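Listed features, source Swiss-Prot:
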DOMAIN    3-183  domain 'KARI N-terminal Rossmann'
BINDING   Y26, G27, S28, Q29, R49, S52, S54, D84, T85, S86, Q87, G135  NADP(+) binding site
ACT_SITE  H109  active site
DOMAIN    184-329  domain 'KARI C-terminal knotted'
BINDING   D192, E228, E232  Mg(2+) 2 binding site
BINDING   D192, E196  Mg(2+) 1 binding site
BINDING   S253  substrate binding site
Amino acid sequence: MAIKTYYDDDADLSIIQGRKVAVIGYGSQGHAHAKCLRDSGVEVRIGLREGSKSAEKAKEAGFEVLSNAEAAEWADLIMILAPDTSQIAIFEKEIEPHLKDGDAIFFAHGLNIHFKKIVAPKGVTVAMVAPKGPGHLVRRQFTEGKGVPSLIAVENDPTGEGTALALSYAAAIGAGRAGVIETTFREETETDLFGEQAVLCGGLEKLMMTGFEVLVEAGYAPEMAFFEVCHEMKLIVDLIFEGGLSNMNYSISETAEFGGYVSGPKIIDDHVKESMKKVLSEIQDGTFVDAMFKDVDAGQPGLKGLREEYANHPLEKAGKDMRSMMSWIANPLDETA
């Protein structure tokens, strides 16, 4: 099925310019959305919880900072950019009491709407604008006269103008310069979760850890194992990012290329594909999301335990030791502490 893509010429910027927009959250996406919207002539205020460390940054950027409830009462379009696990409480306690017919609530990820953890009043437009890039990239591209491709979707459309409103918002943050792709909350949510769990985070992380274990158990030095199964991953991913799998295979040695072709299917075989299908099924039927929120309600013992377990894997120690030799790496974690 062909996707439907929009550009600036398809958008009416005056629609979003006629709205009062509250951006809930001032993190990676929040600061980018707020600044780009303001530069596009939109009236914007920031909603934050009391005591938020982001409040000072938002004020320094020239925004009026309100509580989430005050922002929701003031606005007629509310973009919720708080973490998935925080959105439900924010919505129920601080946003929903102030919603009225004709208002709109927007999201950058569809999880809580798709799985009905958040249910908006029938008279409220529910839509999504999801840039396919981090906030700093969204902002930088915007200031350079470019844009980051974004997804839009509409879940509830009481006025019949939801798509036009979402497209106008997307254009105001620069997405129309690159392309705005129409999707659904279901498609965005389920594919996003699957990609994270089966490939980008869960799958890749375990692949590297298991490869490391195989080499070390076979008697190879942990440092060598780290280099071969983890450190060089960036080189490969950059090649794929720049030009696809074919570009990667063209750029590596013929030995690596041939080895990849003949051994890759031995690792990622039909059993792995069936396991991936099971992961997808548990996303689709809500099993994963229910388990995540059950853990959240209990104080996240599952997440915290797994986080500690993974952080203590021998691959992490080998990586820390080797990165200390690489002066060119700007490490986001303070590994000298």
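Cβ atoms are placed via backbone N, Cα and C, with glycine included.
Here the features listed in Swiss-Prot are painted onto the structure.
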residue	record	DSSP class
S28	NADP(+) binding site	helix
R49	NADP(+) binding site	coil
S54	NADP(+) binding site	coil
T85	NADP(+) binding site	helix
H109	active site	coil
D192	Mg(2+) 2 binding site	helix
E232	Mg(2+) 2 binding site	coil
S253	substrate binding site	coil
Cβ atoms near H109 (active site) (within 10 Å, other residues, all chains): 21
Longest CA-CA distance among Y26, G27, S28, Q29, R49, S52, S54, D84, T85, S86, Q87, G135, per record bound to NADP(+), angstrom: 20
From S28, R49, S54, T85, E196, E232, the binding-site residues whose CA lies within 10 Å of that of H109 (active site): none
Candidates Y26, R49, T85, S253 (binding-site residues) - the one closest to D192 (Mg(2+) 2 binding site) by CA: T85
Surrounding CB atoms that lie within 10 Å of the CB of S54 (NADP(+) binding site), all protein chains: 16
Winner by Cβ contact number (other Cβ atoms within 10 Å) across the binding-site residues D192, E196, E228, E232: D192
Candidate nearest S253 (substrate binding site) in space, where candidates are the binding-site residues Y26, S28, R49, S54, Q87 and distance is Cα-Cα: S28
Cβ atoms near Y26 (NADP(+) binding site) (within 10 Å, other residues, all chains): 28
Residues that sit under 8 angstroms from Q87 (NADP(+) binding site) by C-beta distance, when 6+ apart in the chain: I80, F107, N112, K117, I118
Fewest other C-beta atoms within 10 angstroms, as judged across S28, T85, S253, which are the binding-site residues: S253
R49 (NADP(+) binding site), number of other Cβ atoms within 10 Å: 16
